[in-house]
Amino acid sequence: MSILDKLGKEIVYIDGALGTMIQLEAPDIIVPDELNIERPELLKKLHAMYLGAGANVITTNTFGANDYKLIESKYTVEDIITSGVQNAREVAKSAYVALDIGPLGKMIEPLGKVTFNEAYEQFKKQVVAGAKAGCDLILIETMSDILEAKIAILAAKENCDLPVICTMTFNENGKTFTGVDPIAMVAVLEGLGVDALGVNCSFGPDKLMPIVEKIIEYASIPIVVQPNAGLPIMKDNKVTYDIDKETFALYIRQMVELGVSIVGGCCGTSPEHIAQCVKILKGMELKKQESKDLTIVTSARSGVVFENITVIGEALVPTGRKKYTQALEKGKDMFFYSSAKQQKKLGAQIININVSTPGIDENAAMIKGVKRISSSVDIPLQIDSIHPHIIEQALRYYPGKAIINSVNGTEESMNKIFPIAKKYGACVIAMTFDESGLFQSVESRLDIAKNIIERAAKYEISKKDIIIDCLSLSAKAYQDRLLDTLELVSRVKCEIGVQTMLGVSNISYGLPERSILDRTYLAMALSRGLDIVMMSVYDKEMIETIDAFNVISNIDKSAINYRTKYSPEDNIADHIQLANNQLKILLASVKGDTVNNGKDVLKEELQQVGYQVQDLGLNVEKDEILHKATEEKVDLIGLSAFAPTSLESLEDTVAYIRKHDRSIKIMVGGASVNEEFAKHIGADLYAKDAIETIKKLEELRY
């Protein structure tokens, strides 16, 4: 029986913190994954303990089994994964064995230096080895970068036919280290076709509850939660956790009552924690999970839910735009950034990107544009091309859930576009014409829309991901058909119930004073139920028409957005004098810490606001940190500890630096560190993320 037969139908119990148990049994081990080969009986013993507690899924000891983390190991990735699966399989009996895949420990471009393809090959190597060794499912966990999660999922789904579960880890601000919110996570992972999704690690179940509630609000597939046993604290010179098994289990019960169906534990959770969960949840029925009828697209960090009027900026289309065409011809990718940033500022919620220009490599240009915008502007993209292979490559590299522009009612178009949309979980603009041509009756175009949705369903694409373009035509050439389009908008909304769209500016093509026609037609279309407008956001009157409509139709309650629409965004960088930031900072992850928990992001943010920053990387010896700090005459050392097993090393490093040089300020952070622990070890400052770091450094300077 596959685990798919259980997901969503009964409570599934995943084991707890294998790493914590290993630390207790083998405290001196540097690379825990090597124990699969060197001490297999220990791993079998630990697996058996969780099985005895009631877990019906056990995870392999392969969280760090990739070439980056095993660079100094004498064993290969394949050796460690094969042994890890075999150890679990020998004791699993009827339980399921999950191949545990964690982050690579290095950031993916553009946040780091690892390319998409390099990351893909690493995850592929893990998946192939695990599947060959006989695991039952793939568990991708503790992800903070949505692109890294996506690459891992693609590697899993393209190289085996096993079920895939993916979880991400969040901060107390409700976002991951790279800024991904729960809505974006749900939309992207569901779109990619995982069998369950959720959250692990992060912190205790108490603080995790708001994030879990948000996931439940948007997810339509089984949800997994694996919290830590609270926060790490020092007790009798040992790291322990502040939530006992009874309290832990009570929170897990609350989550199951809300709709969670897969439970387990992360840092600090012992077999006793799992046993208590099994005990308290015995006989409990799962809450029925409803499919969420929401159209959502996302950037690399946040989601746009199509609830009210949505504006798609059309400025990144070369036709009639000389500056953009020249930028494409010269390969100047900064134009993508500047245009997207400006369009967002003027009111665009999504950016359409088209690179169709004679004489250029359109595939390379599209990928370059997608990477540039997604890495620097927090706004979803609409991929616009007549070439399916260009659309597919763009979607592959895009770190969010995008829109495809477009499919139409012809057999050729649907056969080419729908498989791509399904694989990458994209929404699709559907144009209401087919082999019979563009100029058909309202009834015929409505039938085309219905047929497109029926055909999409055969590819398991929900109609919530289909956006019907009712096709606005030029008033100069087709004046007698303009009201037909508005009627089609109304009928699509009433009879099909999906999102409707118009490229409104088509109506005024070839006529003077285009803005007058555009905004008048827009107002008429909005009154008929139009949801999405593709337009030039540089037309102030068009934006004002939408703002006014939202007030008049009671969408903008108390006219709050109308009154504050053009207020400047609060940007911390605006409050920092770049030229005066002469503070020199040295960053390092302490010895034993091999996971990059966002330190690259912190470095980039600090450099952007003018600080001088050096990063020694991961797993750095305390004497090396002190030597470099003294040599470079730094003002502050930033120490990071992601794993709870690194906390003692962090404390030791702080003490060592204090012993030899008390003049250097020390800031600490990381997933396992909190304010209390920072004070306990004598650090000067603690910060939970990049923004808080910048604020505290600013206070330090003055």
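Each Cβ is built from the backbone N, Cα and C atoms, and glycine gets one as well.
TrEMBL annotations: computationally assigned, not manually curated.
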Based on TrEMBL, name the residue from CYS166, CYS201 that is recorded for the same Zn(2+) site as CYS266, CYS267.
CYS201
For the domain 'B12-binding' (582-702), what's the mean pLDDT in this predicted model?
87
Report the DSSP secondary-structure composition of the domain 'B12-binding' (582-702) as helix, strand and coil residue counts.
56 helix, 24 strand, 41 coil
DSSP state at CYS201 (Zn(2+) binding site), helix/strand/coil:
strand
